[in-house]
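Note sheet for the following structure.
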Amino acid sequence: MGFPAAALLCALCCGLLAPAARAGYSEERCSWRGSGLTQEPGSVGQLALACAEGAVEWLYPAGALRLTLGGPDPRARPGIACLRPVRPFAGAQVFAERAGGALELLLAEGPGPAGGRCVRWGPRERRALFLQATPHQDISRRVAAFRFELREDGRPELPPQAHGLGVDGACRPCSDAELLLAACTSDFVIHGIIHGVTHDVELQESVITVVAARVLRQTPPLFQAGRSGDQGLTSIRTPLRCGVHPGPGTFLFMGWSRFGEARLGCAPRFQEFRRAYEAARAAHLHPCEVALH
């Protein structure tokens with residue numbers, strides 16, 4: 001979703017620095033909590049959070065806020081930010097600011113992906129979010145709150161889908177090319193079987209319980225492979241609408257860590273991945289080495 005650059009720049013340049021935005025920081029400046037009731041009409045509050053993890057809570061949203069994430073030079077390297085709304089998320093929309101002033105919608109009022117949304121900024125883009133209050137006729141209590149995680153992009157040469165971006169709510173098998181990229185770039189790569197699947201209707205998520213026979217990679221540590229007499233059970237989450245159900249055989253589970261939880265990216269049967277990997281390796285087209293044995 002894009003907005004004219006001129007409109008954004010006008011809002012940022014002409015808006016007043018809201019007094020409410022200057023207060024409300026946590027001691028370490030990782031989080032912010034404030035209210036739109038003390039914000040001057042038409043103002044754009046300027047916020048800056050320097051930590052890799054934190055939270056924002058905007059009570060009675062009014063006007064707009066511009067939030068910069070990262071250290072003193074947030075444009076030094078490409079970065080990936082993930083936002084997870086606190087439900088019910090109401091009263092505002094959250095956009096990622098893009099080069100040229102365009103805005104990309106990340107969070108909106110109403111139901112959405114329980115796991116949140118992620119955005120990737122390039123090396124010349126400022127890591128900034130634009131929070132805009134949505135108009136309402138009544139004065140009911142509304143809260144727009146979310147947690148965020150920010151990390152450096154260690155493989156900026158790879159396409160966005162390799163970082164788990166743009167797959168929120170996607171329910172389709174991964175192509176061979178996507179499988180190979182996922183094996184090289186996912187936060188975790190687990191060889192195991194499905195022990196069971198449960199469904200959380202409230203969060204609109206399915207929870208896959210996996211017996212991890214072998215952990216090929218994990219960053220940060222999320223799983224422990226089963227030892228003799230001990231099953232290494234772990235949980236991986238995926239959107240409910242994907243209709244995941246238990247199946248026989250061994251799989252290669254690949255995905256990303258979001259707020260301490262494992263979220264599924266691709267889960268081919270192990271033999272299916274082996275076939276794709278060995279074919280790519282024979283043609284010298286594999287993006288990285290994967291220890292299958």
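Glycine is no exception: its Cβ is also placed from the backbone N, Cα and C atoms.
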Cysteine of C51, C82, C118, C171 paired with C30 via disulfide, per Swiss-Prot:
C51
Between C13, C14, C266, C288, which residue forms the disulfide that Swiss-Prot gives for C174?
C266
Scan C184, C242 and flag the one Swiss-Prot records as disulfide-linked to C288.
C184
Looking at the disulfide-bonded residues listed here (C51, C82, C118, C266), whose Cα lies nearest to that of C171 (disulfide bond)?
C266
With H, G and I counted as helix, E and B as strand and the rest as coil, say where DSSP puts C82 (disulfide bond).
strand
Given C30 (disulfide bond) and C118 (disulfide bond), what distance in Å do their CA atoms have, once rounded to a whole number?
18
Just going by other Cβ atoms within 10 Å, which of the disulfide-bonded residues C51, C174, C184, C266, C288 has the emptiest spot?
C288
